[in-house]
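K.L.:
This is the structure I have questions about; it appears just below.
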Amino acid sequence: MTMLDIQRRSATTTEAPQVRHLPKIAKLIDVSTCIGCKACQVACMEWNDLRDEVGKNVGVYDNPADLSDQSWTLMRFSETEQNGKLEWLIRKDGCMHCADPGCLKACPSPGAIIQYSNGIVDFQQDQCIGCGYCIQGCPFNIPRISKKDNKAYKCSLCSDRVAVGQAPACVKTCPTGAIHFGTKEDMQDYAEERITDLKARGYQNAGLYDPQGVGGTHVMYVLQHADQPELYANLPANPKIAATVSLWKGITKPLGLAGFGLIALGAFFHFIKRGRKEVHEDEDDQLAIVRQSGSNGRDA
Amino acid sequence: MSQPNEIERYTASQRSNHWMVAILFILAALSGLALFHPALFWLSNLFGGGAWTRILHPFLGVAMFLFFLILALRFWKHNHLTKNDRKWLGQIGDVIAGNDDKLPPVGRYNAGQKLLFWVMILCMLALLVTGVMFWRPWFAASFSIDLVRLAALIHAFAAWVLIAGIMVHIYAAFWVKGTMRGMLTGKVGRAWARHHHPEWYQEVTEEKRS
């Protein structure tokens, strides 16, 4: 897994290595050609050696009902009526691999979350402390903490496969070719073709989902209704790291530390200037005198 | 019982209570600071690593809160702010300069101590409530994600205020000689009491006489 260069590391304030340039990669999910077969879910489980518990049918096609430590990707099914026609929208949910990852920003454990120079955001479970700050940081509600080991898990974009020049397992297995993998540039170009085609077929608002609020993502969607991403199982229209998280993890931290430093210095130099305040316990109480050493002291 | 020049300021039980809070505060603060800033993550080594720090911190915090609650209830009645206290706070420059003769007379606690008392109550309550809200794996999932985010922010802020307040508290206890002894042995000097807490001194000595 370390065959890729790391360009960002959680809870690390100094520069990460950034001399070498790897091409940015991306996974493109073409929602318009997805048939909801869940082969990607199976491939993900198989490659990553995961096996979720068999759940209960909750009356919808989503199976399992939600992402979990064992289910890193999930088809989410939504029904909507557009232009008088029923549409069944199927979105493969999972980590979006943000260029500006909220999870990495929030994580307090050095190196528990890393971003490879090709754009993949990966969790290092051996460094994970189980605090769940990544959940607070994520604008897409992706990381899940395992009940078994209290460590956070999510899609790794098959960083182990990508490191050796292979496409992620879900891409490899998709029977309709709805999932593509390559350089981000190539994926954007391919998405353009798909969007042109979709527009020609009457989807006037077809477009690419590559939200800039998180610096763009390394998992992108081609959406038939890119003007309403919420239709797709509440895909956020303008995802951003929450203001509370930015404030919590931003300027307040160095300012807070500086504040402690100033108080400590202030106290120390107050002592240097004033000395300690001492009342002498003279035999005669009435004659007790206050003494202060230092420049302003009122030595008796 | 006590030396003629000494007055009892704290009972053994009150002192133990105070130091339980103090010890738990140090542990909660160090484990919290480890997660507060990457530069302080090494503090997690004191607790057996990052995961142990995450596990222990909330328990230390809750224990600190419980002992503090007892302490606060015990000292509640001594901490009502009076007119003289407001005047004292207005002359904070004289306080820092040590111009004690210019300050209004002080009772059992001065206005700074009282203010710290109320700030600590607010901080402790805020820390408890917000801390529970993002305590994993148990409680965090019961709150909406936006509330959990806000809780983490307020928790960090309240912790900052509390730690800053305690830094001042510790320095003030060191600065005013004889104060630390009061909390360690329970006894303060007669002159110390008459000078720093004249109204309290009067109360105590009158009680003894009557």
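Numbering starts at 1 and runs along the chain as it is shown here.
Heads up, the Cβ atoms here are built off N, Cα and C, so glycines get one too.
Annotations in TrEMBL come from automatic prediction, not curation.
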K.L.:
If TrEMBL says A:Cys95, A:Cys98, A:Cys103 bind [4Fe-4S] cluster 3, which of A:Cys44, A:Cys138, A:Cys158 does it name for the same site?
P.N.:
A:Cys138
K.L.:
For the [4Fe-4S] cluster 4 site that TrEMBL describes with A:Cys128, A:Cys131, A:Cys134, which of these is also annotated: A:Cys107, A:Cys155?
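P.N.:
Same [4Fe-4S] cluster 4 site in TrEMBL: A:Cys107.
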K.L.:
Among A:Cys34, A:Cys170, find me the residue TrEMBL lists at the same [4Fe-4S] cluster 2 site as A:Cys44, A:Cys155, A:Cys158.
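P.N.:
The candidate from A:Cys34, A:Cys170 that TrEMBL ties to [4Fe-4S] cluster 2 along with A:Cys44, A:Cys155, A:Cys158 is A:Cys170.
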K.L.:
Chain B sits near which of the binding-site residues A:Cys95, A:Cys98, A:Cys131, A:Cys170, counting only a Cβ gap under 8 Å?
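P.N.:
Contact set vs B: A:Cys131.
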K.L.:
When you scan the chain for residues with a C-beta under 8 Å from the domain '4Fe-4S ferredoxin-type' (A:25-53), skipping those not six or more beyond its ends, what do you find?
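P.N.:
Residues 61, 63-64, 68, 70-75, 77, 88-92, 97, 118-120, 155-158, 161-162, 168-184, 187-188, 190-191, 194, 198, 203, 206, 217-224, 232.
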K.L.:
Going by DSSP, is A:Cys134 ([4Fe-4S] cluster 4 binding site) sitting in a helix, a strand, or coil?
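P.N.:
Reduced to three states, the DSSP call for A:Cys134 ([4Fe-4S] cluster 4 binding site) is helix.
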K.L.:
C-alpha of A:Cys98 ([4Fe-4S] cluster 3 binding site) to C-alpha of A:Cys134 ([4Fe-4S] cluster 4 binding site): distance in Å?
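P.N.:
Between the Cα atoms of A:Cys98 ([4Fe-4S] cluster 3 binding site) and A:Cys134 ([4Fe-4S] cluster 4 binding site), the distance comes to 13 Å.
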K.L.:
Pop the Cα-Cα gap between A:Cys34 ([4Fe-4S] cluster 1 binding site) and A:Cys131 ([4Fe-4S] cluster 4 binding site) into the table, whole Å please.
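P.N.:
Distance (Cα to Cα, whole Å): 36 Å.
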K.L.:
Can you see whether DSSP assigns A:Cys103 ([4Fe-4S] cluster 3 binding site) to helix, strand or coil?
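P.N.:
Note: A:Cys103 ([4Fe-4S] cluster 3 binding site) is helical by DSSP.
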K.L.:
An 8 Å radius from the center of the A:Cys107, A:Cys128, A:Cys131, A:Cys134 Cβ atoms defines the neighbourhood of the [4Fe-4S] cluster 4 site; name the other residues of that chain inside it, in order.
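P.N.:
Near the [4Fe-4S] cluster 4 site, the remaining chain residues are A:Ser10, A:Cys103, A:Ala106, A:Pro108, A:Ser109, A:Ala112, A:Ile113, A:Phe123, A:Ile129, A:Gly130, A:Gly132, A:Tyr133, A:Pro143, A:Ala152.
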